[in-house]
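For reference, the structure is listed below as structure tokens.
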């Protein structure tokens, strides 16, 4: 089973993608994780990507395509791809690769939330500057404001989590996804999921669909 999952900033797509990975035994390919690993390693590519993200801009397609296709070559089948493709150019690159290697996508899941909800979820996020633990001022606050429960490190807001940057990211995402959504609708594999509510509530909107696809494939 090969899945695409996407959604605006704060939609919870990565949380749901990890649940899907565990339930169906898929390989998790997350563009965000791959990009953050490059940034953390302070590679020349990572430093360049960090500049784009700090401004709320999308990373150029040529860079993202190179990173994702390199990962996909090592996986081939039974994957869930999180956060890719996000532009028409990325769709073309992915579709060409899948066609050349005889790989079929089963479903493209779009977890939708409003811009207001996106800002509320993302701008309240805080990261420990020492250990990387994640908190939220509303949903998961630390015991001591501004301090990590685990190591006592200072909690910071990532530059791309500021409200004005989140709004810009949401607008860019929505604009770029319009043709992508239309493409996968024409392919007959697009499914929009309401991303509002708890993690479990959203999961129960996704699970029956994937159980059906998984069972159908196993009957072949």
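Just so you know, glycine gets a Cβ as well, placed from its N, Cα and C.
Note that the coordinates shown come from a computational prediction; the quantities given were computed from them, not determined experimentally.
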Record-annotated AMP site (Swiss-Prot): member among 23, 73, 169 besides 36, 57, 58, 59, 83, 84, 85, 86, 90, 158
169
Checking 30-59, 180-209 against Swiss-Prot, the stretch recorded as region 'NMP' is 30-59
Taking the center of the Cβ atoms of 128, 131, 148, 151 at the recorded Zn(2+) site, which other residues in this chain have a Cβ no more than 8 Å from that point?
129, 130, 132, 133, 149, 150, 152, 153
Please find, for 36, 57, 58, 59, 83, 84, 85, 86, 90, 158, 169 as listed binding AMP, the greatest distance between any two Cα atoms, in Å.
26
At 10 angstroms around each C-beta, which of the binding-site residues 128, 131, 148 has the fewest other C-beta atoms nearby?
131
I'd like to confirm something. Which of the binding-site residues, 10, 148, 151, has a Cα closest to the Cα of residue 85 (AMP binding site)?
10
Cα distance, residue 58 (AMP binding site) to residue 14 (ATP binding site), nearest Å?
18
Just checking: which of 12, 36, 58, 83, 135 have a Cα that is within 10 Å of the Cα of residue 128 (Zn(2+) binding site), counting only these binding-site residues?
135
